[in-house]
Structures are given as structure tokens and as C-alpha cells.
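Right, one structure below, let's go through it.
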Amino acid sequence: MGENFNVTYITFGGYVEVEKYKYAYFVVIFITYILIICSNSTIVCLICIHPNLHEPMYIFIAALLVNSVLYSTVVYPKLLIDVLSEEQVISYSACLFQIFMFYVLVSSELLLLAAMAYDRYVSICKPLQYPTIMRKTTVTVLLVLPWLIPVCEFLCAWILMVKQRLCKFTLPSIFCNNSIYRLYCVKSRAITICGVFLLINLTLCPVVFILFTYTRIFIITYRSSPEVRKKAAQTCLPHLLVLVCFSLLLTYNVVMMEADVPKTVFLIMTLQLVLYHPLFNPIIYGLKMTEIYRHLKNLLLQQKMISRMQVYAYPTVVTNMSN
């Protein structure tokens, strides 16, 4: 593959001995992807099915889990194809599309967490005004904006990236991300300024808002009754745990992008970015949110009872057929 300006394909250089371990890569990635889809979809279905979960808090959780599935789908299918291919390549246009979708969904995650923080603030600190403030229209707006705002803002950066010329064609990663800047012939000042703006507007601002909101919640609940403090802990701690995990992974990934580290370490950290978070979300919300956990427990008990009935019914069927 000659490295000239007519080349439209980029090679992923972040894999470690992919030919030797390609089947191990495939099995791990495939199982992880299936687990992500099944676990997140189970919680979303529980929220959709049960009327007592049709509250803003649970609707935001469902949106967050749907976002996790979309986030994984941007990355995992391409990974599965690449590990079984002789060459791990992607067209430049497809790479730009993957970058666009990946960072839009990452930003949507933070904005959804910010919407959830606002919902918890109103619910705990202004309970009497909650039905008036968190109306159906408000909830719809808070659901749409976390996806709409990143699309509009990243579109500007994406247009600037389309116009860039490549002088290198090996990306030091296993999927397309901001390390593509290393491949450009000329560093674009416009893209750098746009990137800083997006970082502040779609990452730092939501995180600061979330931390400020939960700080206000804990200050107010500290002066309240034990029941209020317990409610605040049950509903807010899972959101904070998700935020901390996600923020740490993003921060570490950005640092690793700029650092000169061994390829194996870089691969492990990149996998953690797309592995832990989509898997942890349904676990955190499924175990820590009382109502979701109760419905999930009932679902598992029902499945267990059905399995037992099938096991007991099978010998009877065999006996009847023999007679």
C-alpha cells in the first residue's frame, strides 16, 4: 500500500500480534459485545414494561443505556471484522464517520448524566415543585438535547477534518479517534481551537455542572432527616459512580494519546475505554437502583421457575410417549 496522497485507506497499528491471537481477540470482543447488548437491553426493557418505572429518573437511565449500546456498536462490529482480516484497514471517510459518531455519543453520555443530575436536584431539593418543573415537555427536551447538541457542534469539527490532507497512513490505535491528528500533513489551528471549544463545552461544563449539582444536593440533604439522606444516597451515588468511572477512563485515554507508551499498554487502555463503561452501567443501575433491582430479581426468579417446570415436565412427556 503506497503512501501517497491518493491513498484513501488507513491502517490500524494498535493491535499486538493480531495474527497469532486473532481468534482469542475475536472471542473476547464478541462475548463482550453480546454481554453489553443483553445487559443494557434487559434494563431498558424492564423500564419500558413496568409502569412504576415510567418516571423521569428511570427514563434518563434507559436513554443512558441505549447510548451505551450505540457507543459500543460504533466500535465493536468493526473490531470483530478487523481481527479476522489479513489487514486492519479502514477508508478515510469511514474513519471520519466513526470519529464523529464516537465523540458525539461520548458527549451525549456526559450531557445525559447532567440531565439526570438536574432531575435529582429538583426531586430532592424542590420536591413540591417537581411535578411542575419536570413535565413531559421538559423531560423530552432534556432527552433530545444531549444527542442534538453534540451532533451540531461536532459537525463543524468534522467539516474541518474532511478538508485535511494525510501524510501518514498508520493510525496508532485499534479504532478511529483523536489520534488521527498525528496523520495530518499540517497541524490545523482551526481544528485545535475547535477541539478546545468542544472539550470545554461538551466535557468540562457538564462535569462541573454535575459536581456542583450533587454538592448542592448533599449539602441540603445533610441538614435534612435521615430518610431524605438515605433517598439521596440511593439515587445519586450510582450516577456519581458512573460519572467518576467514565471521566477517569476518558482522562487517562487522552493522556495516553499524547504519551509515548508501549503498544501493549496503549492497547489495554484503549480496550478499557470501550469495555468497562458499557458493561458497568447496567450493573451499577441494576444493583444499586432499588426498583430496577427488584424487577430484575423477579425476572430472574421467573426464568428460574420456568426452567424448573420444563425440567420436571420433560420426564412426564417422555413417559407418555413411551406408553
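Even glycines carry a Cβ here, placed using N, Cα and C.
The transmembrane segment annotation in TrEMBL covers 23-49 (among others).
According to TrEMBL, the feature domain 'G-protein coupled receptors family 1 profile' maps to 39-285.
Residues 29, 32-33, 36-37, 40-41, 43-44, 47-48, 98, 101-102, 105-106, 108-109, 112-113, 115-116, 119-120, 123, 134, 139, 142-143, 146-147, 175, 235, 242, 274, 277-278, 281-282, 285, 289, 291-292 of the same chain lie 6 or more positions beyond the ends of the transmembrane segment (56-76) yet place their CB under 8 Å from a CB of it. The transmembrane segment annotation in TrEMBL covers 56-76 (among others).
Summarising the annotation, TrEMBL assigns transmembrane segment to 96-118 (among others).
As annotated by TrEMBL, transmembrane segment applies to 139-161 (among others). Note on the transmembrane segment (139-161): residues 56, 59-60, 63, 67, 96, 99-100, 103-105, 107-108, 111-112, 114-115, 118-119, 180, 188, 190-191, 194-195, 197-198, 201-202 of its chain, located 6 or more positions outside it, place their CB under 8 angstroms from a CB of the stretch.
Summarising the annotation, TrEMBL assigns transmembrane segment to 190-214 (among others).
For 235-254 (among others), the entry in TrEMBL reads transmembrane segment.
If you look up TrEMBL, you'll see 266-287 (among others) marked as transmembrane segment.
The predicted model assigns the domain 'G-protein coupled receptors family 1 profile' (39-285) a mean pLDDT of 86.
Tertiary proximity for the transmembrane segment (96-118) is limited to same-chain residues at least six positions away from its ends with a CB under 8 Å from its CB atoms, namely 57, 60-61, 63-64, 67-68, 70-71, 74-75, 78, 90, 142-143, 145-147, 149-151, 153-155, 158, 161-162, 175-178, 180, 198, 202-203, 206-207, 209-210, 213-214, 239, 242-243, 246, 250.
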